[in-house]
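*Asks:* Relevant sequence annotations retrieved from TrEMBL are reproduced here:
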- 72-76, TYR84, 116-120, THR142, SER148, TYR245, LYS260: substrate binding site (BINDING)
- GLN141, THR142, GLY143: hydrogencarbonate binding site (BINDING)
- TYR84: site 'Important for catalysis' (SITE)
- TYR245: site 'Important for catalysis' (SITE)
Amino acid sequence: MIQWETIKEYQEILFQFHEAGIAKISINRPHVHNAFTPLTVKEMIDAMNICRDDERIGVIILTGEGGRAFCSGGDQSVRGHGGYIGTDAVPRLNVLDLQKQIRSIPKPVVAMVAGWAIGGGHVLHVVCDLSIAAENARFGQTGPNVGSFDGGFGASYLARVVGQKKAREIWFLCDQYNAQEALDMGLVNKVVPLEKLEETTVEWCLKMLEKSPLALRMLKSAFNAELDGQAGIQELAGNATLLYYLSDEAKEGKNAFLEKRKPDFSKFPKFP
Ligand code: S0N
């Protein structure tokens, strides 16, 4: 039995920590197959921000409570005119902000999928770095059935993952795919029995936690950069700046400025 301690209390998600350095963000609305409201998404964004800043956390698991659903997308009962409506009466599509955050947070994010990953819930697992599925997992898009679509990562990144023909099939037919079919098309990394899902996901996380965090960070932004244009290059370049700041060469520039002298970069190597 894996031990989790609560990091912060929320209304619609659970946010927990495992002492090895793993955070688990879990949608806690099993009565609607973990459909998300603007509040669910706001809480997930807050938890992700904490994960980014907390140096104890090296890997993040995204999941849903109850064993029957990862997430069934936007809660159709609060879908209004122009978005999903929370207590402030403002229509929002804030899940798009969460998708960007999952992709850009400089730590691996693993989707742990039991049951339904449908609609906007399917897109959430697609944008995670890795997906581990239970044998009961079911995947698909519903947009053209329910009057919505995700033409962002939900279409373009999905096509990068499974190929153009398969991505168009997934969206145009709105069929549902079982875990083995998802594995066969490269949509998930591994399929395990439901009772082994958390154990296996934690095993994968522990393996990543043994690796160099800076190397994983650079690789994640490098994978993104190839796809994300200037925003992707900015992410990768930001990491290059971080590394440069760690060097004596960069520190010489800062120190010279503070000491009101000319910097001496002559001693630093000019690599071939
Ligand atoms: C998942 C499905 C296939 C499961 O079927 P099953 O097993 O027969 O269970 P149900 O009886 O249908 O469900 C159990 C209870 O859960 C409720 N429920 C399920 N899903 C939702 C949901 N998404 N919203 C609200 N309630 C939900 C059921 O109503 C039922 O409740 P009771 O027991 O009270 O009747 C099946 O449930 C299903 O097909 N669900 C709907 C899936 C869906 O269409 N999701 C929305 C898809 N769209 C998005 O997610 C858009 C996301 C988004 O925000 C966005 C992003 C980018 C650009 C645009 C958008 C956009 O919104 O437009």
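Quick reminder: no glycine exception, Cβ is built from N, Cα and C everywhere.
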*Asks:* What recorded positions among TYR84, GLN141, THR142, TYR245 are found with a C-alpha within 10 angstroms of that of ILE118 (substrate binding site)?
*Replies:* GLN141, THR142
*Asks:* From the Cα of TYR245 (site 'Important for catalysis') across to the Cα of GLY74 (substrate binding site), what is the distance in angstrom?
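*Replies:* Computed Cα spacing between GLY74 (substrate binding site) and TYR245 (site 'Important for catalysis') is 41 Å.
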*Asks:* Report, as a single number, how many Cβ atoms besides its own are within 10 Å of the Cβ of LYS260 (substrate binding site).
*Replies:* 6
*Asks:* List those of the recorded positions GLN141, TYR245, LYS260 whose Cβ lies under 6 Å from any atom of ligand 1, in sequence order, or write none if there are none.
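*Replies:* Near the molecule: none at all.
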*Asks:* What's the CA-CA gap between LYS260 (substrate binding site) and TYR245 (site 'Important for catalysis') in angstrom, rounded?
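*Replies:* With distance taken Cα to Cα, TYR245 (site 'Important for catalysis') is 19 Å from LYS260 (substrate binding site).
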*Asks:* Far apart in sequence but close in space: which same-chain residues, 6 or more away, have a Cβ under 8 Å from THR142 (hydrogencarbonate binding site)?
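*Replies:* For THR142 (hydrogencarbonate binding site), the qualifying residues are GLY73, ILE118, GLY119, SER148, CYS174.
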*Asks:* Rank aside, I only need the closest one: which of the recorded positions SER72, TYR84, TRP116 has its C-alpha nearest to that of GLY143 (hydrogencarbonate binding site)?
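*Replies:* Looking at Cα distances from GLY143 (hydrogencarbonate binding site), the smallest one goes to SER72.
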*Asks:* Quick one: of the recorded positions TYR84, GLN141, TYR245, which has its CA closest to the CA of SER72 (substrate binding site)?
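*Replies:* Given the candidates TYR84, GLN141, TYR245, the nearest one is GLN141.
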*Asks:* Near GLY120 (substrate binding site), which residues of its own chain have a C-beta under 8 A away, given they sit six or more steps off in sequence?
*Replies:* PHE36, CYS71, GLY73, GLY74, VAL95, ASP150, GLY154
*Asks:* Where GLN76 (substrate binding site) and TYR245 (site 'Important for catalysis') are concerned, what is their Cα separation in Å, rounded?
*Replies:* 47
*Asks:* Using Cα coordinates, what distance in whole Å links TYR84 (site 'Important for catalysis') and TRP116 (substrate binding site)?
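*Replies:* Cα-Cα distance, TYR84 (site 'Important for catalysis') to TRP116 (substrate binding site): 20 Å.
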*Asks:* So which one is it: of the recorded sites TYR84, TYR245, which has the fewest other Cβ atoms within 10 Å?
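*Replies:* Each of the recorded sites TYR84, TYR245 was scored; lowest Cβ tally within 10 Å is TYR245.
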